[in-house]
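*Asks:* Can you keep this structure in mind? I'll have questions shortly.
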């Protein structure tokens, strides 16, 4: 028994609470509608229909005029019918005002309705209306936003107000804006319960709300209140495939173009980035690979290699030794091969006298031991006695000895600067002036005259082995004349090799007189 | 040759007779926009002739149907009863508009009235498509005076006409069983 009572009590409470909630809810809705109509409807009394068979009318009274509800009477009359009266209820409103309500629960549509309001038999309001033209519906329920699966779109769906016969007469207004923004767009839709919003930004949150109204053909009314806004984020932005493909194509085209440009200028670019260090390997075949850079050995073994040289060399003779003597050392002639580079360079630039002095000083500095005379004596002996000597072949009579003496026409100064990289040969070959007569058949060797400080002597001038001893330890140049071109190869005596690994300056020069004087310091191209 | 022509003649005769006698199966016209157009035209006519001086020269009284609709009562009525009301009302309006047309002199007014008359005829076709008998051409004896009233001006006539279309006729078409199958 107690259980039953408790159950009943529980059910009663639930119902009561539910009713109270609905009443509260209804009161809130009424308050909203009243506020709406106070704003939208100028006529009094303000009436609205919420459903198919009801009508709610109200009017507002100021504080000073308010009285009790009994003072008022609400008389309504349908066309061709008798008048009826509606009971009035009063509710307090904001600002001390009062609202008086009349509610009809059974109505006739599509027929004129006359309303008259009296206060103490005084007509205060008079109005004629069609009830089907004053609908004020509740906002649509269950507004939901879903994604359509397409970029920049959202689908809004809702539940239409449940009014029979009027479903196809309803008109909806959907308002959507980016969350946080006040500027929004509005779209209208008729007789539908969903709408697809297009043209939205990707990855953005949107705020959507909706309101409803009857379309005005058969039924009409006021716009309902807005629903509570619903938020939804659109799909995140995707790279437009068209843009992606276009950018890929453009980058590909640009890459190809740049590659083409690079390929067409690759030699130039390579030169700039990775300049080629010239090596003389091509000229001296086997010098570096076989003999490890030992020029002496290579010379000795490369006689046959002469034949491997470029075809324009037709040397069928062994190179004739060319004796280069130093003017300075008439007495104690010293090998000049090891002149310090500074001195040899200085030789090229200074006056003759100064040069002699310098050479002297250099040579003096270079003098090491009193043993210097020994090689000279030895060589003298060799000269006088044709003893077999490794290098004696170089002094054979049938060889052409050409000495290059650095001298003027008048002077007898010799400058041992045949080994110098720059000056002597420059002087020799740079001069544009015609040379003097060659002194031998071998010698198509041109001698410069004007500036020439070098002179040549051919061994043919000394047919009787009267080659003047120029001194010991010297470096000389062998000349091979093929009749077409001259082949010069610097050589040195073994003594000089002992004394110091001869720093033989090899010059590249052509057997020609250049048209103009080369500037000092430029090596003359030399072909072996 | 003659036998063939004779055969063709017989065939044509048979088809004509069939077309005359048998009702053609008409697709139900359930689109509410059809009636909406008629309603709008009736409203336009009413608005246009409201300011007509001296009632546009129209005198006399016209019998018009009642237009009031009580939804609670409507629920109790079946389609046939509603159809009867609609058809009798349309008949009355047809009659009244015909009489108005006779007494109106201005051409513009005449054309408007003609338009509304043709709309009423079209409504009869719509009702027939919904398998509702069209009784607009024949008087309805079942309808008594209680379902009618009298109006004395053109503007009133047109107003009632509009209300009738908006209310009863529309509700009938919306609730027609033939359309209920299609709608969700």
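Cβ coordinates come from backbone N, Cα and C, glycine included.
According to TrEMBL:
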type	residues	note
SIGNAL	A:1-29	signal peptide
DISULFID	A:47-A:57	disulfide bond
DISULFID	A:86-A:102	disulfide bond
DOMAIN	A:139-237	domain 'Fibronectin type-III'
TRANSMEM	A:242-262	transmembrane segment
REGION	A:435-465	region 'Disordered'
COMPBIAS	A:441-459	compositional bias 'Low complexity'
*Asks:* Please give the sequence-distant neighbours of the transmembrane segment (A:242-262): residues at least 6 beyond its ends with Cβ less than 8 Å from one of its Cβ atoms.
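*Replies:* Residues packing against the transmembrane segment (A:242-262) from afar: 269.
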*Asks:* Can you tell me how the residues of the domain 'Fibronectin type-III' (A:139-237) break down into helix, strand and coil by DSSP?
*Replies:* 3 helix, 49 strand, 47 coil
*Asks:* In whole Å, how far does the CA atom of residue A:102 (disulfide bond) lie from that of residue A:47 (disulfide bond)?
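*Replies:* On Cα coordinates alone, these residues lie 9 Å apart.
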*Asks:* The domain 'Fibronectin type-III' (A:139-237): mean pLDDT?
*Replies:* 92
*Asks:* Other than its own, how many Cβ atoms are within 10 Å of the Cβ belonging to residue A:57 (disulfide bond)?
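*Replies:* Here the count is 25.
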*Asks:* Cα distance, residue A:86 (disulfide bond) to residue A:57 (disulfide bond), nearest Å?
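*Replies:* Spelling it out, the Cα of residue A:57 (disulfide bond) and the Cα of residue A:86 (disulfide bond) are 10 Å apart.
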*Asks:* How many other Cβ atoms sit within 10 Å of the Cβ of residue A:47 (disulfide bond)?
*Replies:* 24
*Asks:* Counting every protein chain present, what is the number of Cβ atoms, excluding its own, within 10 Å of the Cβ of residue A:102 (disulfide bond)?
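*Replies:* I count 23 other Cβ atoms within 10 Å of it.
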*Asks:* What Cα-Cα separation, expressed in whole Å, is found between residue A:86 (disulfide bond) and residue A:47 (disulfide bond)?
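*Replies:* Each residue's Cα considered, residue A:86 (disulfide bond) and residue A:47 (disulfide bond) end up 13 Å apart.
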*Asks:* Using DSSP and three states only, what is residue A:102 (disulfide bond)?
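*Replies:* Once the DSSP labels are grouped into three classes, residue A:102 (disulfide bond) ends up as strand.
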*Asks:* Just to be sure I understand the packing, how many Cβ atoms besides its own are within 10 Å of the Cβ of residue A:86 (disulfide bond)?
*Replies:* 17
